[in-house]
Amino acid sequence: MHPAFSVIFLTTLIGAGQGLFIALAIVEFYAALRLLPEHASHYYAAGSAISLALLALGLFASFFHLGHPERAWRAAAMWRTSWLSREVIVLPVMMGIAFLYGVVHLIGINPVLFSLPGNVAVPLTLLLGIIGALVAVVLYVTTAMIYACLRFLQEWHSPLTVANYTLLGLASGFTLAAAQAAFMAVELVHFLAVGAVIFTVLGFLSRTASLIRNARLKAKSTLQTATGIKHPTIVQKSQGFMGGSFNTREFFHGMSEMFVRSVKWIFLVGVFLIPTVLLLTAIFMRGDVSTVLASAFVIQYLGLVAERWFFFAQARHPQNLYYQSVA
Amino acid sequence: MTQLALVIDLNVCVGCHACVTSCKEWNTSGGAGPLVDKNAYDEDPSGTFFNRVQTFEVGEFPSTETVHFPKSCLHCEDPPCVPVCPTGASYKRPEDGIVLVDYDKCIGCKYCSWACPYGVREIDESRKEMTKCTLCVDRIYNPTLDEADRLPACVKACPTNARLYGDIHDPDSVVSVAIREAGGYQLMPEWGTKPANHYLPRRKTRITIRDEELERSDNPLKIDSKLPRPGRDEPSLDDVTSW
Ligand code: SF4
Ligand code: SF4
């Protein structure tokens with residue numbers, strides 16, 4: 001497939017935004033359980049503002065993918081059958097919750113709604129945070145299922161796609177949360193950086209699993225099934241036109257094998273190796289770790305852009321069988 | 001239930017592209033607006049077509065066969081392109097099984113083209129809407145056309161009658177008979193899309209001629225001839241006179 005930068009930015013930006021929101025919700029939840037110290041509400045407000053900004057940037061990028069962005073509202077119609085439609089519904093809901101969560105923290109009117117046994121008070125923000133975290137997980141699933149549900153894109157049609165989108169989003173979100181904490185709530189750095197390492201390592205496991213799976217895939221469609229001619233040797237002599245077409249642009253990445261392979265190594269180093277090293281450094285280092293964590297996030301994010309590029313480039317669409325030869 | 005479809009006879013197609021040009025001509029002149037050809041007369045032209053004729057070579061030289069292979073939307077009975085469309089712009093008509101795009105609803109997200117394994121959906125670069133074969137829905141029911149013209153433009157144009165058109169759910173239709181009797185098959189059956197369009201395979205065309213078919217034993221001209229009978233190479237009455 002031809003990797004479209006609009007979609008690459010959409011999925012990586014909102015992935016990090018959702019991860020950051022989940023990190024905030026977990027921090028607030030742990031604080032309510034008194035496992036972590038209490039935090040000033042401006043910490044949460046700033047965090048949800050960053051999360052909202054990432055979600056909004058992702059949404060903005062997605063419009064560049066559309067031929068008719070002015071009709072985008074129609075895309076909510078087919079949620080019964082289309083994962084894309086489901087994503088289109090869940091993304092604004094996620095943004096709405098992140099917005100409310102931030103606003104309630106900002107203005108500080110935060111009534112306790114009810115109490116749980118063990119004297120755990122549940123204020124409005126905690127409820128919003130938990131609902132938002134669940135919505136964020138649903139959003140990971142809807143985003144990934146857009147790709148995973150296409151059965152003849154065999155590289156994508158796997159539960160590993162959902163695992164990768166979720167874990168890599170969480171990893172970058174937690175790295176970002178750790179970086180934010182380094183600036184605003186130093187006592188949280190350790191907790192969040194450990195979380196980021198855990199998700200980065202889990203993401204590494206599921207991403208390498210899918211790399212191994214894809215390397216062994218055998219294409220179900222062949223020229224024989226595509227044309228119905230039962231002969232071992234079939235060569236396309238002409239695809240029927242000599243100019244360009246949508247089919248020759250949209251489904252081929254047009255890069256060399258070498259380039260694709262380098263992108264794979266770049267993302268393996270950029271998403272997993274360097275951020276893990278930097279996060280561990282921050283965990284064990286004393287003093288100011290804000291630059292270390294900020295660079296961990298930037299490098300991991302850029303690595304994820306490469307990862308997404310590779311994700312698209314690696315998928316071989318069966319229609320390509322019909323577009324092999326210009327003559 | 002009706003399922004209109006094309007049946008394409010690969011044994012007959014000569015690869016002349018008449019269906020391609022005729023399709024383009026009809027569909028670029030329709031109410032939905034032109035199918036754009038970008039840089040048509042410049043470097044790197046790029047066009048939108050509903051139908052393409054491709055050419056494959058089967059076998060190894062010198063025992064090869066050239067197969068011309070027309071390809072357009074197959075109007076799948078279980079079309080994977082339809083459920084993925086977020087707006088409902090892509091739909092399958094229950095009354096005749098034609099898969100269509102409602103251009104006014106299409107947001108140009110291209111998702112349906114990813115979901116079609118056959119590569120027959122093409123986004124129009126100017127209109128930014130997804131386009132594809134409509135089975136000439138604006139011809140086949142068109143009361144302003146003569147009855148004989150209410151056929152898809154490609155079917156009308158094919159000089160060798162390689163394109164048959166009809167209802168594959170009617171067992172007596174010309175397409176159903178052809179599928180049944182000439183070994184009609186579907187493309188990429190492995191994905192369970194159940195394409196409505198079928199293809200008829202290449203067939204060996206041989207005739208066995210026996211002596212008595214050339215020189216019938218009851219051929220009166222030969223019977224009446226003088227004995228000894230003239231040789232087979234001798235001219236018969238048919239060859240020397242013209243009536
Ligand atoms: S051939 Fe492709 S576009 Fe046509 S109905 Fe089947 S899946 Fe949809
Ligand atoms: S490109 Fe148009 S028809 Fe295709 S899935 Fe998107 S909205 Fe639907």
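Note that Cβ sites are derived from N, Cα and C of the backbone, with glycine treated the same way.
Taken straight from TrEMBL:
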- A:7-31: transmembrane segment (TRANSMEM)
- A:43-67: transmembrane segment (TRANSMEM)
- A:88-114: transmembrane segment (TRANSMEM)
- A:126-150: transmembrane segment (TRANSMEM)
- A:162-182: transmembrane segment (TRANSMEM)
- A:188-206: transmembrane segment (TRANSMEM)
- A:265-285: transmembrane segment (TRANSMEM)
- A:291-311: transmembrane segment (TRANSMEM)
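Put simply, of A:88-114, A:162-182, A:188-206, A:265-285, the stretch with the most CB pairs closer than 8 A to the transmembrane segment (A:7-31) is A:162-182. Beyond the transmembrane segment (A:43-67), the same-chain residues lying 6 or more positions past its ends with a Cβ under 8 Å from any Cβ of the stretch are 4-7, 9-14, 16-18, 20-21, 23-24, 27-28, 91-92, 94-95, 98-99, 101-103, 105-106, 125, 173, 176-177, 180-181, 184-185. Here the listed stretches are A:88-114, A:126-150, A:265-285, and the one with the most C-beta pairs under 8 angstroms to the transmembrane segment (A:291-311) is A:265-285. Within the chain carrying the transmembrane segment (A:265-285), a Cβ under 8 angstroms from the stretch's Cβ atoms is held by residues 168, 171, 175, 178, 182, 189-190, 193-194, 196-197, 200-201, 203-204, 207, 292-293, 295-297, 299-300, 302-304, 306-307, 310, all 6 or more beyond its ends.
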